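**Q** I have a structure here, written as structure tokens, and I will follow up with some questions on it.
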Amino acid sequence: MVIKTAPTQPFTDQKPGTSGLRKKVTVFQKPHYLENFVQSIFDSLQGYQGQTLVLGGDGRYYNRQAIQTILKMASANGFGRVMVGQGGILSTPATSAIIRKYGTFGGIILSASHNPGGPEGDFGIKYNIDNGGPAPEKVTEAIYARTKEIDSYKILEASDVDIDTLGETKLGEMVVQVIDSVTDYTELMQSLFDFDRIRALITNGQFRMCVDSLHAVTGPYAHKIFEEHLGAPKGTVQNGKPLEDFGGGHPDPNLVYAHDLVEILFGDNAPDFGAASDGDGDRNMILGRNFFVTPSDSLAILAANAKLVPGYSSGLAGIARSMPTSQAPDKVAKHLGIDCYETPTGWKFFGNLLDAGRATLCGEESFGTGSNHIREKDGLWAVLFWLNILAVRQQSVEEIVKEHWRIYGRNYYSRHDYEEVDSDRANTLITNLRSSVPNLKGKRFGAYEVEYGDDFSYTDPIDGSVSQKQGVRIGFTDGSRIVFRLSGTGTQGATLRVYLESYESNLAKQNLDPQEALAELIAIADEIAQIRTLTGMDKPTVIT
Ligand code: VG1
Ligand code: CO
């Protein structure tokens, strides 16, 4: 087998976003496009000769082809071993778990997460470092710098490797080890949660649940954990077979895209509990009977109940949430006497806090929750955490949430997304806000008075690195907030995200529809940012 050095030319658009490089499949299919990015990853790393890489993806279209290319490039570049998920399948949290368990050098995850898949859909690639987490900004910036200069890449000229049969084969000097996609992850879950107690709940003859994998990567994990280990009846997991195009759907676990599940949980004779995961298995949506749990509330509730769960029975070191996430977790942290950190959007910013033992639980408003058990957010982990709490407390999801509001108050929360906005218009909107919001201090809008306006800047408390321009914030004197930022995961035009939050301690006012409770703030957001005028859209495309 021959190692070929292939000449190439840089692409100018290979800047990793919030979570890796995401583009249309057709872009990744351009000659050398994938190879350039992979070689740029390798060129930005040091000391990987002879070391082990973990490789897998969410099973979307182009996953298998990309894996073959990456295997041949890893071999040509001198990796000693690649552990690849069977059939190319590894969820994002499973990859993180495997990197940590086996102490590998790093891992490559092929996913565009919740973005649609298929030949016309999206593809993505992300590098994770040896702690199991997404590469921090200094690494992604080095990768991007390299993509702008690259002039060749190395690849082994060899035939494709069998990635469907468990076991080891040689590819040039490198070992390809095909591993079971779910075993290590399942064992980790068993070490954190009280499976016996959850099984007792699920099999008590009364409790009913439904899990929707949206035809994405969590199917095999969910079948194994809920149906095989925890005794849930067959059929509990729906849409459990990973498909290359996710069955034509949008594998995003929210009230809009997980409509099958929503219909069941809000329909007649609804079960007690429902949950969905995204394309790569790191997101979760939690539903009770006729009841939706806001992701920000979910983080706060997991934190408040953590001592009921074996893996967290000794308490939490701290909580971390992304800046746009509601301040509900802050209230719990205060009550527990622990720190609550506020980081920019994206899981990579939690890595240092987790490594340093400052935070135990982390979460984002975008249906992401996780802990120090790995270095990624983890969808099924959150589902098991909820089930463990339900099994101990023997109350419904709704009762638990409402009791939480009664103690801590309710943080009404909503995110309004304006998708496929013209990029120039979106940039103008944000640029205008950047210059105008610092001057709003003291200004009144109806019942609200502005306390501060800024563009969020984060200084990592562990390594001192600074990340600027992470979202425009307007804070009001009563603790309400409006946040504006542009998505870093889309592949078409720009997506404007508007995050809205208000606080209600009065029990009598805690049962409003969030859109109603936030109506005044929604109008203020439009007044300040001129959203309708600048985007040309009269309402958001997605409300979560
Ligand atoms: C979005 C979410 C962010 C999340 C990121 C990756 O990013 O807002 O909270 O970390 O997706 O999640 P953005 O830049 O589009 O707002 V995933 O499950 O897509 O890997
Ligand atoms: Co995801």
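Glycine is no exception: its Cβ is also placed from the backbone N, Cα and C atoms.
Remember, TrEMBL labels are computer predictions, not curated facts.
Reproduced below are the annotations present in TrEMBL:
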{"type": "COMPBIAS", "residues": "1-17", "note": "compositional bias 'Polar residues'"}
{"type": "DOMAIN", "residues": "14-153", "note": "domain 'Alpha-D-phosphohexomutase alpha/beta/alpha'"}
{"type": "DOMAIN", "residues": "184-287", "note": "domain 'Alpha-D-phosphohexomutase alpha/beta/alpha'"}
{"type": "DOMAIN", "residues": "296-408", "note": "domain 'Alpha-D-phosphohexomutase alpha/beta/alpha'"}
{"type": "REGION", "residues": "1-20", "note": "region 'Disordered'"}
**Q** With DSSP helix as H/G/I and strand as E/B, how many residues of the domain 'Alpha-D-phosphohexomutase alpha/beta/alpha' (184-287) fall in helix, strand and coil?
**A** 39 helix, 16 strand, 49 coil
**Q** Find the average pLDDT over the domain 'Alpha-D-phosphohexomutase alpha/beta/alpha' (14-153) in the predicted model and report it.
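**A** PLDDT averaged over the stretch: 97.
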**Q** List the helix, strand and coil residue totals of the compositional bias 'Polar residues' (1-17) as derived from DSSP.
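**A** When I sort the residues of the compositional bias 'Polar residues' (1-17) into the three classes, I find 0 helix, 7 strand, 10 coil.
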**Q** Could you give me the DSSP helix, strand and coil counts for the domain 'Alpha-D-phosphohexomutase alpha/beta/alpha' (296-408)?
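**A** Helix (H, G, I), strand (E, B), coil: 60 helix, 18 strand, 35 coil.
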